[in-house]
């Protein structure tokens, strides 16, 4: 059987879809409170909640996200990216089962909190996808995460319109189970395997053959690994991306993206749209899904910075229009307002432009900017802080609406989005078309060979490993040697060889063509 370069791309696509199966559950979890709370506040509801309890139901699905993100960061380094993505399904299953069986507020609280842990752990999916993809396709495939999230949001809005909240939670359990099963069929991240000395397995994950028998070299370097981690975190390649991403996430939450997601039905009740609020939320969910696909496509043709600026400015304009309308007509009942469709169009415009930049880019770039030796830990830390921002915005939204009014709240979102666009113009790095190695070096152009040795970037494989045939790939009808050309000189044997997914696929593609 002749394996082709196109086949490798197909594997990337399949693995991406499997990994982001958890992202569908993320969307379901984030959109669930929008359909749950209105049902709980109906007179015929068996379980009644106060406004304060309702805000806790919404925010408890967020407050535990940082715990999951930090947990995922640790698990990714110890057990690998694939295993962590699989484990993400377990809190989802437990949380959704608890919610579906809830007969009091405390079970509901517990279910939301536990499922929120899984939302935080879902950051592992972005790291996994970033590492298995070639630079040419990484942007589009990474951006498919928000596409899956948007699909989950749309599904939950539709289910909430046609079914009671307990049954909706039970259906969500099936989605989490599907994610776990799907991840069993895809390979582990090749860079993570290579960084742990399992080079043969890394190549097998790239080319999907089982021609080798693994001879692992077991070492005990835990203390040195901790020292290397501390040294790496203090380098510009660690703290610069950390600050950039943290501020990007702050502007993202300030722009109201997740408030619209968590409080869609309640928001439409506040501003009035001329439509049934549940129908309006479904319309928003459909638009969100379509625009997430558009955003993934645009990611391949336009730079990250360009998309972020356009997204921020577009969101600011949308919120300025919506806030202006509310300022003029908020004192009138929704049925007496002229052009009652303007608030809906304003929210739809905000959702549309957010999906091409501000919503997806911080999560995508969290899997791109950090060196692989600390990508799991630092990515988990950034994601945990981002979820704290989301919790703060979701929990304080009711108070913000009471203090600022609907017009002031929308204007606040617009100002935050505009400030975010300015920030991205000056500080956001461009990563489109770059390998993860090139992105790392951009934060420290003067990096030395010794730094490569210390950080043990996942793409760095020492020349000495070539003495064992770890780079030799045998195929059914012949042999394809994708080992780098290595001189026998002492100096060259002491310098590391940089091994990237792109380079491995390139050599494999070239030598496959030669054999044909």
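Glycine is treated like the rest: Cβ placed from N, Cα and C.
Keep in mind that what you see is a predicted model, and the values were worked out from it rather than measured.
The feature transmembrane segment, as given by TrEMBL for the ranges 112-129, 166-183, 184-201, 202-219, sits at 112-129. TrEMBL lists transmembrane segment for one of the ranges 24-46, 277-299, 438-460, namely 277-299. As annotated in TrEMBL, transmembrane segment covers the listed stretch 306-328 rather than the other ranges in 306-328, 467-489.
Transmembrane segment is the annotation TrEMBL gives to one range among 220-238, 372-390, and that range is 372-390. As a quick check, the transmembrane segment (410-428) and the transmembrane segment (242-265) clear the bar of 3 or more Cβ pairs under 8 A, pairs 6 or more apart, so the two touch. For the domain 'Major facilitator superfamily (MFS) profile' (11-432), the model's pLDDT averages out at 82. In terms of C-beta pairs under 8 Å, the stretch of 141-162, 277-299, 340-360, 372-390 lying closest in packing to the transmembrane segment (54-75) is 372-390.
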